Ligand SMILES: [Fe+2]
């Protein structure tokens with residue numbers, strides 16, 4: 001009697017149903033941030049429940065921060081800072097950049113700064129701290145952040161200037177400062193001279 005060979009099932013592509021299950025599963029593993037309030041609440045948990053800044057950074061990277069775009073307001077004469085949340089541990093600021101707008105070169109006066117680009121493109125130029133009086137600041141590097149890209153800086157890493165390099169498109173970015181930032185030093189690029197300013201938050 002001839003031996004019957006076992007029939008091998010034909011390879012089948014995953015069904016739509018299976019991919020839907022996978023999507024639901026991945027969604028459930030993401031932080032539950034379906035609104036700006038959720039994101040703020042999760043950030044508060046990171047800091048107030050001692051989960052720590054690392055978790056806050058991860059959250060900011062993974063969360064859908066485009067939800068904050070609806071809070072954007074633009075001033076055609078310069079960039080605008082909108083205070084989203086402030087408590088004893090951190091402040092969260094939405095920055096709205098008209099075409100070609102830029103900050104001065106500044107420090108972060110002891111705070112860590114994490115920033116995420118939400119729309120358009122923002123350019124960060126880093127400088128070394130001045131070492132001598134009346135000397136131009138030395139540039140370290142320049143980096144463009146595109147939508148959803150994240151970068152961070154603290155005083156040990158230097159000073160920086162942020163700008164919207166586009167002449168055709170506005171930009172929006174979200175900035176997390178911890179401890180909260182309310183003032184900073186701004187520097188003259190050509191003399192290195194610094195003065196302290198209070199941040200205007202609307
Ligand atoms: Fe900054």
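Glycine is treated like the rest: Cβ placed from N, Cα and C.
Here is what TrEMBL records for this protein:
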BINDING   106, 108, 160  Fe cation binding site
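Each residue in 103, 105, 107, 113, 153, 159, 161, 184 lies on the same chain as 106, 108, 160 and has a C-beta within 8 Å of the C-beta centroid of that Fe cation site, without being one of the site residues. With a 10 A radius on its CB, residue 160 (Fe cation binding site) counts 22 other CB atoms from all the protein chains.
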